[in-house]
Amino acid sequence: MSLAWRTLQKAFYLETSLRILQMRPSLSCASRIYVPKLTLHTKHNMPPCDFSPEKYQSLAYNHVLEIHKQHLSPVNTAYFQKPLLLHQGHMEWLFDSEGNRYLDFFSGIVTVGVGHCHPKVTAVAKKQMDRLWHTSSVFFHSPMHEYAERLSALLPEPLKVIFLVNSGSEANDLAMVMARAYSNHTDIISFRGAYHGCSPYTLGLTNVGIYKMKVPSTIACQSTMCPDVFRGPWGGSHCRDSPVQTVRKCSCAPDGCQAKERYIEQFKDTLNTSVATSIAGFFAEPIQGVNGVVQYPKEFLKEAFALVRERGGVCIADEVQTGFGRLGSHFWGFQTHDTMPDIVTMAKGIGNGFPMAAVVTTPEIASSLAKHLHHFSTFGGSPLACAIGSAVLEVIEEENLQRNSQEVGTYMLLKFAKLRDEFDIVGDVRGKGLMVGIEMVQDKISRQPLPKTEVNQIHEDCKDMGLLVGRGGNFSQTFRIAPPMRVTKLEVDFAFEVFRSALTQHMERRAK
């Protein structure tokens, strides 16, 4: 597309949005979303979509609310004052029960990597459902072995032995057992701000306040300082493996990083004071997801892994959110840190929303587990899950989604970084590939989190304009952006304009 045509197209979108004061949502994908309570300049034309959803003919909205209140656990909370009742999905689009269309920039919590209801994945699932759903792993079936061969080919030596399970929590739970069985030690370390699951075992690894219980959830899990170069005590303008750095000043030499060295000293302090002289392991997300897309200084994980191994521990990379090409430059997040874990856990994007997860390790660690217990999962590695998993890997390769994550992700990061320059309440824009965090602050000097009520309103405004993003951070102060990996630059442009309008609207409210 030529520059002149792009300019003409942008002018057309602007002219269209100014002419349309209010449009009722219809069931056609060509319709524009109705935007209540927002000023005219905040309305933006959605990118085109050639899919029309089915007419919603299920439960009335109020009936859904009543069922949710009476019969679903109160821990099942939803975004927004009026939660969305979603009806259908197509690639990067979601449709609610009223026919409104939304651009999904959170992918079901960083899960729907190849797009909602991708036709190839759907066709494979239907074909396998007609053939064989479930046997349990006490019988052989080709989908499991085909998938194991495909997945192992994407991992470096010696990470070649695969345990198939059903969720990220279950995968990390098993990884904890593996680490303790192999090392014959107990203590496991994880970062503050880490999220590794909500099972009774993994709750000890998870260090985000709202997920912690008032009673002991597990033993021998210790936290260490998260090397957060924006919110932490140290950080500069060259720390991150990202096209966008923090606004903090940096006096480091070109070949050094003072922030990294200081965070390593904190890690050593944890090893020297909070755990036994020999430990079982260390868990790390290559980029923290739930904590708001937090990146560490370059080389930190590499040095931390070496220190852990000196204590007899194994190193576990939690790739539940970062794996399968989402970060763009590499297929796995640990590869971006130039390091090699002993165990890798994965879920979410592995099945594009179908319940599936895996733990991958070395033959030596796998053998040690077999000597300690007979591990078994009734549903892990089912024919249906494995067929879907193979289809997801094929789509990622055939559609060059890792390359798209790199190209469009870099474009998105650089574009959203402009908001940090324009708005004082945007403290940081960070990330890699199609995993981006936008941290909201009261001001850039104090870096104090923007109050949750204000972040909520910005979130609501984005939704009202047809954009769905996630939330993260210990104070829910960070917007998490992780669209399906097939997202286009045109869709990024729309998301940027919506987000910018939501921020402008917020500043107007503040000024009143």
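Glycine is treated like the rest: Cβ placed from N, Cα and C.
Lifted from Swiss-Prot, the feature list:
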- 1-39: transit peptide (TRANSIT)
- Lys55: N6-acetyllysine (MOD_RES)
- Lys69: N6-acetyllysine (MOD_RES)
- Lys69: N6-succinyllysine (MOD_RES)
- Lys82: N6-acetyllysine (MOD_RES)
- Lys260: N6-acetyllysine (MOD_RES)
- Lys302: N6-succinyllysine (MOD_RES)
- Lys348: N6-(pyridoxal phosphate)lysine (MOD_RES)
- Lys415: N6-acetyllysine (MOD_RES)
- Lys415: N6-succinyllysine (MOD_RES)
- Lys418: N6-succinyllysine (MOD_RES)
- Lys418: N6-acetyllysine (MOD_RES)
- Lys452: N6-acetyllysine (MOD_RES)
## Note on the structure
Least crowded of the modified residues Lys55, Lys348, Lys418, Lys452, counting other Cβ atoms within 10 Å of each Cβ, is Lys55
### Query
If you count the C-beta atoms lying within 10 Å of each candidate's C-beta, which of the modified residues Lys69, Lys302 ends up with the smallest number?
Lys69
### Task
Can you tell which of Lys82, Lys260, Lys415 has the least company, meaning the fewest other C-beta atoms within 10 angstroms of its C-beta, among these modified residues?
Lys82
### Query
Of the modified residues Lys55, Lys69, Lys82, which sits closest to Lys418 (N6-succinyllysine) by Cα distance?
Lys82
### Summary
Spatial hits near Lys55 (N6-acetyllysine) (Cα distance within 10 Å) out of the modified residues Lys69, Lys82, Lys260 come to none
### Task
Find the one among the modified residues Lys260, Lys302, Lys415, Lys452 whose C-alpha lies closest to that of Lys69 (N6-acetyllysine).
Lys452
### Whole-number Å value for how far Lys452 (N6-acetyllysine) lies from Lys415 (N6-acetyllysine) (Cα to Cα)
25
### Summary
Between the C-alpha atoms of Lys82 (N6-acetyllysine) and Lys452 (N6-acetyllysine), the distance in angstrom, to the nearest integer, is 17
